[in-house]
Amino acid sequence: MVVSIDDLISRAIIDSLNTGIVVIDLSYNVVLYNSFMVKYSETPREEILGRNLFDIFPYLPKGWLELKFKSVQILKGYSFISWKHRAYLFKFHHNRPITGDVDYMFQDCTFLPILDENAQVTSICIIVQDMTDIAISQKMIDEVLDANKMLQQLSYYDGLTGIYNRLYIEKLLEKEFDKASAYNTPFSVVMFDLDHFKRVNDTYGHLAGDDVLKSVAKTVGNHIRQTDVLGRYGGEEFLIIVPDMPQSELILFCQQIRASVEKTAIQYEEIEIMVTLSIGIATYRGDMRDYFQVIHEADIALYQSKKLGRNRVTAYADVEKVT
């Protein structure tokens with residue numbers, strides 16, 4: 001058989017590629033197998049050519065691949081599978097230490113029809129690209145992004161109660177204030193703390209105090225709406241951002257929270273601990289300078305609840321009337 005110069009050049013080019021090239025006929029017998037494939041399959045070319053692809057690589061997903069091949073043959077168009085969807089087609093070990101923690105080469109595979117002069121498909125070319133370094137790099141980037149996201153989320157939550165912390169609650173409150181200033185959308189701030197909480201710590205210990213804080217956060221969390229935001233503001237002090245609730249409903253809402261906490265027995269070891277809340281309410285007004293003013297007025301109302309005997313709800317508007 002005389003081999004033309006063009007054929008020799010083509011074979012040399014195909015063998016020099018750092019990409020796998022396999023050509024199969026329509027019976028899935030291998031008719032071309034380049035040096036990349038020889039290297040990574042660790043099988044001489046003469047043991048491959050003429051044999052059925054599925055006999056050579058019995059682990060290949062035969063049913064799935066046959067559908068791919070039929071699609072390429074019938075539609076006379078290419079098909080592609082990314083390592084993101086199927087990590088590899090051929091179980092090839094890679095030899096790069098940078099990716100030494102991965103067993104098999106990640107691969108992008110393209111399936112191309114080869115046509116004769118009558119535009120009929122006579123064979124199918126499988127192109128195998130080594131994507132291992134890219135895949136590992138992407139995996140590392142994803143892991144870093146996930147870790148950063150987790151750290152960011154952790155930085156927004158109170159470690160004890162699992163609700164938002166002061167840092168994040170103030171960020172949300174600033175956004176709520178800006179929205180209210182721009183669109184005149186009302187919102188209120190509810191501040192509350194536990195009455196005589198120091199007595200709980202002194203009597204039962206700080207672990208008991210921690211359980212009390214967690215229980216109160218859970219009880220209050222069960223009462224708020226999806227649009228409300230609950231956070232721990234510091235120590236035994238909590239804050240709720242309540243958008244768009246009329247004052248009369250807001251008072252009732254806070255009374256329900258207060259009553260629910262009052263009647264909840266908190267189990268700690270062999271004892272039950274009962275606590276109450278003092279609550280202060282402030283509502284956004286158009287003449288307010290910033291969100292700190294809303295917090296300040298809610299704090300004044302909270303102080304008034306303490307002053308009047310604790311275990312009660314006070315609105316800043318009512319404090320103003322008294323003063």
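Yeah, the Cβs are placed from backbone N, Cα and C, and that goes for glycine too.
Because TrEMBL annotations are produced automatically, they should be read as predictions rather than curated entries.
When pLDDT values are averaged over the domain 'PAS' (11-57), the model yields 92. The domain 'PAS' annotation in TrEMBL covers 11-57.
Residues or ranges marked as domain 'GGDEF' in TrEMBL: 185-318.
When the domain 'PAS' (11-57) is classified with DSSP, helix, strand and coil residues number 20 helix, 12 strand, 15 coil.
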